[in-house]
Amino acid sequence: MVSYKELGLVNTREMFAKAIKGGYAIPAFNFNNMEQLQAIIKAASEEKSPVILQVSKGARNYANATLLRYMAQGAVAYAKELGWEHPQIVLHLDHGDSFELCKSCIDSGFSSVMIDGSHLPYEENVALTKKVVDYAHQFDVTVEGELGVLAGVEDEVSSDHHTYTDPEEVIDFATRTGCDSLAISIGTSHGAYKFTPEQCTRNAEGRLVPPPLAFEVLDAVMEKLPGFPIVLHGSSSVPQEYVDIINKYGGKLPDAIGIPEEELRKAAKSAVCKINIDSDSRLAMTAAVREVFATKPGEFDPRKYLGPARDEMEKLYKHKIVNVLGSNGKAE
Ligand SMILES: O=C(CO)COP(=O)(O)O
Ligand SMILES: O=C[C@H](O)COP(=O)(O)O
Ligand SMILES: [Zn+2]
Ligand SMILES: [Zn+2]
């Protein structure tokens, strides 16, 4: 058993309280490799932004759970080397699907976990989330629960079907589980295809324009739970520059579309205090790698294509921090 406190990590409690008061949101960036982690830490250090390092079950399986957590723990030392005196870094389990997985992360130094029981019947979601909270809180680890189902990978019924969070359930859920934050469904979804072309309109250039998020659901949740930390998953904006580069250099991402940054900016000013971004980083990395492969076919040193990918991700993370979430300078 190793406590995150010995590792210089922090939980989300104070971070979220400040973000809600200050009208900004904390970035939660997924990582599963060294270059992503370096780019996240460099961006957060240089912008003095609190940051949530997010690890999925898939990432643990890909990179090896032990190696991954040592990498994240090393991130605190790296941030200090970069001149960030008091790094505010959370190590968070993304989409935990069982008590055992959450416990294993808590026991190995995670400062925060998500237990995602959103696909379960309501009472089972409450019971599972409460079980994780009861364990986590003994060690001052914070817990994110989820109510409502995002379209796409979270929804087995169909890719364009959301079950928005029912605002009538949130008080009961938060009170009975004791969770520290709540992920809700208001129309975002995971991946690079957040809306089908049929759900969108087209602008003059023929680009897809997505339908708006259900801000009325967010407003109703905030009215029921004033000041309670809300989380948005599936919040990549799928930058069209990256999609174009990928498609130009042999990729195939037709009609990829995300959440407009304008909507995320608006959400960040509300009780939404954690915004999850993974796909945008994948797109930045893929665009940069494809461009090197296409324009410098003689390169075979991975540093020559992963290096530019890392630079592009760092640029992306800084852009999110400074221009979308407004978390820069909040961890001086
Ligand atoms: O919600 C996410 C991770 O939990 C990531 O969402 P995106 O696929 O929109 O980046
Ligand atoms: O919510 C999903 C995250 O983007 C992580 O995805 P993953 O399960 O492919 O690692
Ligand atoms: Zn979920
Ligand atoms: Zn998610």
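Each Cβ is built from the backbone N, Cα and C atoms, and glycine gets one as well.
Whatever TrEMBL says is automated annotation, not expert-curated.
Per TrEMBL, the Zn(2+) 1 site holds His190, His233; the candidate it also names there, chosen from His86, His92, His95, is His95. Within 10 Å of Asp94 (active site, proton donor), counting CA to CA, the binding-site residues Asp116, Glu146, His190 contribute Asp116. Distance between Cα atoms for His95 (Zn(2+) 1 binding site) and Asp116 (Zn(2+) 2 binding site): 5 Å, as a whole number.
Compared over the recorded positions Asp94, Asp116, Glu146, the count of CB atoms lying within 10 A of a residue's CB peaks at Glu146. Within 10 Å of the C-beta of His233 (Zn(2+) 1 binding site) we count 26 further C-beta atoms, all protein chains included. With a cut-off of 6 Å between Cβ and the nearest atom of ligand 4, the binding-site residues Asp116, Glu146, His233 reduce to His233.
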